[in-house]
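Engineer: Once you've had a glance at the structure underneath, I'll fire off some questions.
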Amino acid sequence: MYKFFITRPITTWMFILSFIIAGIYALKYIPVDRNPDVDFPVVSISTTYAGANPYVIDTNITRKIEDELATISGIEAINSSSYTGVSRITVIFDLDKDINIAAQEVRDAVNRAQRQFPPNTDPPVVRKVDTSLAPIMAILLHGYADYGTMSYLADKVLKREFERVQGVGEVDLGGFRDYVMWVRIDPLKLAGFKLTPMDVINALKSNNVEIPSGRIDSKDREYVLRVYGKGRSPQEIENIIIKNNVRIKDVGRAEFTFDEKRGIVRFKAFDSKEAEPGIAIIVYKQSKENTVAVAKRVIDKMNELNKQLPQGLRLDINYDASTFIERSVNDALHEIVLGSILTAFMVFLFLGSFKMTFIPSMAIPVSILGAIAALFFFGQSLNTFTLLALAVAVGLVIDDAIVVMESIYRRNEEGLRGIEAAEKGTKVVIFALLASTASLIAIFIPVLFLKSVIGKFFFGFALTLIVAIAISYIVSLSFTPMISARLVEAGEKNIFQRAYDRFENWFDKALRWSLNNKVIVLAISLATIIIGFKLASITPKEFTPIVDEGRFLVRFETPTGSSFDFVDKKAKELEKIVSSNPYVLRYGVAFGEGIAGRPTVNGGIFFITLKDRSTGRPHQKVIMDQFRKEFAKVSDVRAIIDIPSAVGPRGGRSADIMYIIKGTDLNELAKISSQLETKLRQTPGYTDIDTDLRINQPEVRVEIDRDKALNLGVSVEDIANTLNFLFGKYKIGTYEKGSESYNFYVKADESFLTSFDNLSKIYVKAKDGSLIPLSSLITYQLAPGYNVINRYNRQYAVTLYANVTGGKSVGEGVIEVENMIKQALPSGYTYEIGGQTKEFKRTFGYLAVALIVALIAVYMVLASLFESLIHPFTVLLTLPFAVSGVFGLILITGQTLNVTSYFGIILLIGLVTRDSVLFIERIIQLKKEGLDTINAILQARKERLRPILMTTLTIFASLIPVSLGLTEGSEMRQPLAIAVIGGLITALPLSLFVIPIMYVIIDKIRFLVKREV
């Protein structure tokens, strides 16, 4: 192949340009995002049964659905929560389950379960959870305007305007209260007319219908007959007759106004003196869309809308995902460019010529752009992981070209020129290139098939490197020999080259010494390996490093049962702390019912955005610790700092440590979780300790005297609806106003709810029509209860959360907490790992398997190419030497063993074996030419030392910008660079001496075995 390209320069240039043009085109249109676009098969089920307490919801709704879901295959987990009036179930399927099939199977199961639901249960809502539908922006409508104006603008104008923006998938509103038709009844007036709440409910329902009633046929026309029975105004509804000429207006009032105030949003912009109430507009992008491009279009629309808003109102950005993504991507690209420059400079030092430096350096843009084109073709994006792969590829893709050009350069030094030097130089290394390239690609192929979340996220990483390495191999056998035949020529040596000649002479003497002192060299090497594994045992472990995005969440709660006003008071105390921090740019706070899925009012969430790192602020971990200390001083508040994981589905609770404890008794689970919380708080190294089980919810437990009610002919349903009318809100249906539809509720007037003694004045109707005081059929008592009942895989469950701090690693924390749980659990109670903890343990298991598979793959490739079962072992013997360097540098730099650094270790397999392949392959060639083992080793080292040093040092050079960790988002890239650099620091010098010794030993063993045979 290479001979064809050497003699066809124009064809070769066109061939290379095709990669460049494809890459430039792809770069223009490829999506840019923080993470890969990964679909997780998740289905949610939400069922409303108004007024029912968590126990009723759990027994009559949640468990009925769970029983039917148990028949579906491929389910990984079923999470359920039963709140007052609502059942929420999340079904998580195996990653390879088709989401459309999964959703249909869930719908079928829910339809079967629905037949067993109590009357008046709303139809369950089943939907696929699109985890790729990520929120990219939170915009706040705020200012000093009446809520009605803000509400109308947010829902009827702004929401619709943003939904029309290209690339926007959904737009949600936070802190928004819609209009509602209320009928508020005074139960005492109702009792004065000897009427019951059910009389009101029945009257409103029968007068709130709108149904087609047939058609009228005339000679020429056909008319549809439609009965308009719904009230068209509050006045019409107030005139509805309940019974005996008593109208709604005689016992209450109707009003079209906002829903109850159970949640609020406030926002403080960077130029505001104080936080202002507002409405949050949460913008989600469509799957596969470019986050940065969509965000820019949304900002343009926001600026356009700001010009049209009434005076006193404005739109401000509270959260913009594209800001960090854009900076992170730009910084990563700068690292790639800087790495490329340093790599080219390293080549220049060895070759002393700009034109010869150009030859291998051309492999960088061609391979990088070709890899980007492949990413675009396979539907991938430029994200944290593919950019990391491109940064790594800079040092890899130049290696093959260096080896070819150095070989051609050596032929020039021997007196050959032009095409002859190019052909002979390429021929000498062609097998070594194939072996090293194949072994490098082989280590990444298992990554493409990794299970779990990590496999999905690193698919693009592996694909990028495989394509880049393959293209670089093609370039080294096409463009490199073609251009080398025309540009390469040996000239006078520069200072560096003369210094290298002296180093080469010294190395020759050192190698001869090591061959004569094998025991000493092997002893040093063995000691290095032992130290390496010792360092590995003490290296802290975590799933992923904390990335400083300049933003984080603070979830807070007040005691169970707190009133809305009390929560508001405590939120303002927390706001003072947040707003006084000099590093906070802006923040938003949302609290109350319905905020972030909360079923109660006693908590909320802060969205905090920090100033840019260029202002000199410290890492956000430092600022988070500051907030933890300050928040702890606020009484009656539990504040938890939450950073969404860099890897995995977004949304939900995030923590370093997460364990799910399961059992049959909720009270026992509460006791166990309380003990564990206390123990964790007393143990150094843990913070943000929390559970999802809340007790002491003030609860009025109502018991119905069923026998008495049965004898009197009062249905339990009527009693329940009456209580719902009094203490909740009973949904009549919908109210139509213009083309819009709104909820229609009836409820008791607030003044009635001040005393339970008023129940004696409320009546229900017996079967003979007589009125029975409600108080004679029920008893009630105040008692503590649960505000939510959680279940996991059909068992009652409580989840324990904690973050590590104070130098404790996630790995240490996982082991310590797991031991605590084992000691605390009584018989019949079990635990499971969850969340990031589950991914941490699962991922490290998968990565260990990937490491083993990569080793096997490399061995098989080398065995096939060398046609030997022994020589691949000689090559792989270099790998243990990298261990001390990897973990030594990780510890020195304060890093951890995490997902990214683990991939650095996998990458090292290819890098270290590649250098050994270059050496071993040349020894085999020279021995075939008639040299003995020792002379073959010395000659091979002389010929291959320079390309080995050049390729290794170019890897160093390309990764230096990444290893420094000075740019946005570098926390995810830096560990890989440090692992690779550390591994090469020890593997390179040791392998230069140990591999020749091991080759001699293995060669002697083979000779003795053959002689014995």
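Positions of Cβ are set from backbone N, Cα and C atoms, glycine also.
Grabbed the feature section from TrEMBL, which reads as follows:
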TRANSMEM  12-30  transmembrane segment
TRANSMEM  332-351  transmembrane segment
TRANSMEM  358-379  transmembrane segment
TRANSMEM  385-408  transmembrane segment
TRANSMEM  428-451  transmembrane segment
TRANSMEM  457-479  transmembrane segment
TRANSMEM  519-536  transmembrane segment
TRANSMEM  844-866  transmembrane segment
TRANSMEM  873-893  transmembrane segment
TRANSMEM  945-964  transmembrane segment
TRANSMEM  976-1002  transmembrane segment
Engineer: Could you tell me whether the transmembrane segment (844-866) and the transmembrane segment (873-893) are in contact, taking contact to mean 3+ Cβ pairs under 8 Å with a sequence separation of 6 or more?
Structural biologist: yes
Engineer: What parts of the chain pack near the transmembrane segment (12-30), using Cβ distances under 8 Å and only residues at least 6 beyond its ends?
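Structural biologist: Result: 5, 362, 365-373, 375-377, 380-382, 471, 475, 478-479, 482-483.
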Engineer: Please identify the stretch among 332-351, 457-479, 844-866, 976-1002 with the greatest number of Cβ pairs below 8 Å relative to the transmembrane segment (358-379).
Structural biologist: 457-479
Engineer: Answer with yes or no whether the transmembrane segment (976-1002) touches the transmembrane segment (945-964) by the criterion of at least three Cβ pairs under 8 A, sequence separation 6 or more.
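Structural biologist: Yes, since the transmembrane segment (945-964) and the transmembrane segment (976-1002) share at least 3 Cβ pairs closer than 8 Å, they count as touching.
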Engineer: Which residues of the same chain, at least 6 past either end of the transmembrane segment (428-451), have a Cβ under 8 Å from a Cβ in it?
Structural biologist: 2, 95, 396, 399-400, 403-404, 407, 458-459, 461-463, 465-466, 469-470, 472-473, 476-477, 846-847, 850, 853-854, 857-858, 860-862, 865-866, 903, 906-907, 909-911, 913-914, 917-918, 921-922, 925
Engineer: Of the stretches 385-408, 519-536, 844-866, 976-1002, which racks up the most C-beta pairs under 8 Å with the transmembrane segment (457-479)?
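Structural biologist: It is 385-408, which has the most Cβ pairs under 8 Å.
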Engineer: Can you work out which residues elsewhere in the same chain, 6+ from the ends of the transmembrane segment (519-536), have a Cβ less than 8 Å from its Cβ atoms?
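Structural biologist: 880-888, 891, 897, 986, 990, 993-994, 997.
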